[in-house]
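Novice: According to TrEMBL:
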TRANSMEM  47-67  transmembrane segment
TRANSMEM  128-147  transmembrane segment
TRANSMEM  180-201  transmembrane segment
TRANSMEM  213-233  transmembrane segment
TRANSMEM  254-278  transmembrane segment
TRANSMEM  298-317  transmembrane segment
TRANSMEM  329-347  transmembrane segment
TRANSMEM  353-369  transmembrane segment
TRANSMEM  381-404  transmembrane segment
Amino acid sequence: MSTVIEDVDQHPVEETPVTRQYQTEDGQPNLALLEDRTPEGLKASSAVTLIIGVLGTLFVLLNYSPLWHTDFWGHLLYGEWIWSHGALPKTEPFMPLSVGMSLTDTAWLSQLIGYLTIEQFGVSGIQFLYASSIVFVAGCLAFSLYARTQHAAISLLAVFLFYWTDYQQLAIVRPQLTGMMCFAAVLAMATSFRWRIWYYLAIPAIFAVWANLHGSFIIGIVTLGALTVGRAIDVLRRTKNVKMVLAESRTRQLFILTELAAAAALLNPYGIGIYPAVFSISGHPNMAGVIEWEPLTLRMKQGQAAAVLALSLIALYRLSPRRVTTGEVLLLVGFGMGAMWTSRIIVWWAPVAAYYFGLHAAAVWRVWMKSRPPAPKRGGLYSVSILGLLWIFFAYTPFGGAVLHGGPKTPEESRKRFEKSVSRSTPLEAAKYLKQHPPQGQIYNTFDWGDYLLWAGPEDLQVFAASHVHLIPEEVWEHYNAVSHGSSSWQAIMDRYSVNTIVLRPSRHPALVDRIKQETAKWKTAYESNTTIIFERKNPI
């Protein structure tokens with residue numbers, strides 16, 4: 001048996017030339033041959049697409065949030081007044097018992113924007129702005145964290161913790177949301193890994209606008225100041241040299257920005273007088289009786305959420321390989337103590353806590369996994385997907401639907417849509433009754449109903465109180481609270497202020513309702529439902 005081996009050199013095998021198959025067997029274009037010609041700068045990643053998808057979903061849901069019944073309507077009233085008068089009010093213009101009370105309107109620009117929006121686009125326009133402002137804050141938090149950590153999941157977890165902690169404060173549409181937008185942008189820039197020269201223009205410009213949008217611009221200045229001091233302390237601890245503190249670039253940058261921000265905030269109608277005006281509001285004695293200005297406690301849901309976030313941060317600090325900066329400690333402790341003084345400060349503590357949670361959580365994750373997250377895929381397809389998602393998110397909002405398909409066709413349809421767009425606590429029934437039966441002279445009302453009653457009730461309605469309680473004389477506010485709690489002196493107070501109509505939310509004033517119902521000789525029940533009760537004096541004063 002023998003083996004024959006052919007000489008391949010003598011008998012070369014002819015190779016079949018390879019041709020690119022531009023079509024598949026069924027005649028369709030071969031997509032495998034397509035090349036991504038999207039410019040590199042316009043290519044998006046899968047991680048960015050994920051973040052935008054989550055934030056867009058939140059945006060759509062927030063567009064269906066009902067408008068709260070409290071000071072939102074009062075801010076619209078101020079915006080209407082400013083627009084019609086072409087000036088800022090110097091004294092409280094709506095509550096007759098507050099005539100002559102000096103008014104420093106630190107939110108005049110937000111109020112004007114809100115009024116023009118609802119005048120032009122209706123309630124859906126306000127809902128669109130509301131959702132946009134919250135998603136802007138969440139976006140600043142998510143993308144600044146992703147830029148530092150390259151971890152989309154942890155960035156979104158930080159957004160969740162921020163929203164969970166702040167959701168009670170975020171439920172109300174008010175100028176404070178514009179302040180939160182400015183705060184989020186400033187925090188993202190001031191804590192960024194790389195310093196950009198345009199920050200010297202952007203941050204002062206933000207403060208110049210912020211000082212006209214909301215009085216919380218002071219929080220921004222405090223934040224920059226804390227980061228500056230914290231950076232200086234960190235440099236001093238490492239170098240033991242004061243000269244190095246002055247020479248270190250980031251310390252100088254933060255210090256200059258703090259000065260520029262404080263100066264830019266003076267570009268407002270009140271000049272330097274806006275500073276004492278802001279502090280006078282937060283320290284006003286009338287605020288002590290308002291629940292959102294009470295100290296943060298564990299009995300509150302937002303207090304429980306804050307405790308979970310704080311404990312999570314403490315655990316991460318124990319595990320994290322990252323250095324804990326003095327600046328973050330100053331911000332967390334400072335705003336945390338502020339929240340224990342008044343719960344409204346949690347609005348500023350939560351995004352700071354969530355941001356540093358994300359930084360340290362990503363560092364701990366890298367240690368556990370012993371590697372950095374893999375680089376996400378990038379391509380033009382993701383960019384196109386993002387554009388498609390943005391269009392879908394817009395189209396599914398009430399505002400987007402109105403733009404694409406038109407608004408309500410009939411007054412009845414408009415009324416039903418409006419009722420679905422406001423909170424259940426909005427005094428729709430009371431406003432309707434008062435408009436049909438205009439009261440004589442002064443009325444007494446649940447104070448947080450006053451704003452909507454002024455907005456939707458009869459012209460020149462004389463409410464007893466509204467949500468801006470710092471504009472109410474202290475004696476009037478004391479009398480309001482005495483009547484509200486069913487004091488034995490309620491009748492004398494009603495006579496003193498010549499009150500002929502009492503508009504109440506029964507669940508808020510059960511003792512007062514019982515007392516009035518017992519006075520059948522002087523008062524009668526003019527209207528009553530599960531949510532509203534209106535009494536009228538039988539013999540008006």
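Just so you know, the numbers here start at 1 and follow the chain as drawn.
Note that Cβ sites are derived from N, Cα and C of the backbone, with glycine treated the same way.
Note: TrEMBL annotation is automatic and uncurated.
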Novice: Does the chain bring the transmembrane segment (47-67) near the transmembrane segment (298-317), so that three or more CB pairs sit under 8 Å (pairs 6 or more apart in sequence)?
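Specialist: Answer no: the transmembrane segment (47-67) and the transmembrane segment (298-317) share fewer than 3 Cβ pairs below 8 Å.
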Novice: Quick one: do the transmembrane segment (353-369) and the transmembrane segment (298-317) reach 3+ CB pairs under 8 Å, ignoring pairs fewer than 6 apart in sequence?
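Specialist: Yes, the stretches contact each other.
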Novice: State the residues, same chain only, that lie 6 or more residues beyond the ends of the transmembrane segment (381-404) and have a CB under 8 A from a CB inside it; answer 'none' if no residue qualifies.
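Specialist: Same-chain residues near the transmembrane segment (381-404) but 6 or more away: 36, 38, 42-46, 48-49, 52-53, 56-57, 59-60, 63-64, 121-125, 127-128, 131, 417, 421.
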Novice: Given a Cβ distance threshold of under 8 angstroms, which distant residues of the chain, six or more beyond its ends, lie next to the transmembrane segment (329-347)?
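Specialist: For the transmembrane segment (329-347), the far contacts come to 165-166, 169, 176, 180, 222-223, 226-227, 229-230, 282, 287, 292-296, 300, 302-303, 306, 310, 313, 353, 356.
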Novice: Under 8 angstroms, Cβ to Cβ: which one of 128-147, 213-233, 254-278, 298-317 has the largest number of such pairs with the transmembrane segment (180-201)?
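Specialist: Selected stretch: 128-147, with the most Cβ pairs under 8 Å.
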Novice: Test of understanding: applying the rule of at least three C-beta pairs under 8 Å (pairs 6 or more apart in sequence), is the transmembrane segment (298-317) touching the transmembrane segment (254-278)?
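Specialist: They do not touch: fewer than three Cβ pairs between the two stretches lie under 8 Å.
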Novice: Which residues, given as numbers and ranges, are at least 6 beyond the ends of the transmembrane segment (298-317) yet have a Cβ under 8 Å from it?
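Specialist: Result: 161, 164-169, 324, 332, 336, 339, 343, 346, 349-350, 353-354, 356-357, 360-361, 364.
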